[in-house]
């Protein structure tokens, strides 16, 4: 019985320790298809490798939040880190700038990654 209690306490300690682990997210911004001015496309922001799961992701057009954005369900990898995909329809042109802004507990300030149409 004592052995069972010790094992249960060790399991609880290990599980509570998972919340203390923090991993900064990797942020990738890309379009679904190669960019062509005037041709509808999808802008994607893939955020991966982060822990804990509390995160805020915004897609931006010329520095302003895009309201009509969809996202995948929060999922986790084999290493228990999380990943998400945020996406929206957009039509690229030469004057507008697009980016993904991420707020996470591992950042002192939100991080913004610009979309590079040549990637």
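Any Cβ shown, glycine's included, is placed from N, Cα and C.
Annotation comment: Swiss-Prot describes 1-20 as signal peptide, evidence class similarity to another entry.
Feature annotation from Swiss-Prot assigns domain 'Ig-like C1-type' to 25-114. The average per-residue pLDDT of the prediction over the domain 'Ig-like C1-type' (25-114) is 96, rounded to a whole number.
There are 23 other CB atoms within 10 A of the CB of residue 100 (disulfide bond), with all protein chains counted. Look at residue 100 (disulfide bond): DSSP puts it in a strand. The feature disulfide bond is assigned by Swiss-Prot to 45-100.
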Tell me the Cβ contacts of residue 45 (disulfide bond) under 8 Å, same chain only and six or more apart in sequence, or just say none.
27, 28, 29, 57, 59, 85, 86, 87, 100, 102, 113
Tally the residues of the domain 'Ig-like C1-type' (25-114) by DSSP class, grouping H, G and I as helix, E and B as strand, and everything else as coil.
0 helix, 50 strand, 40 coil
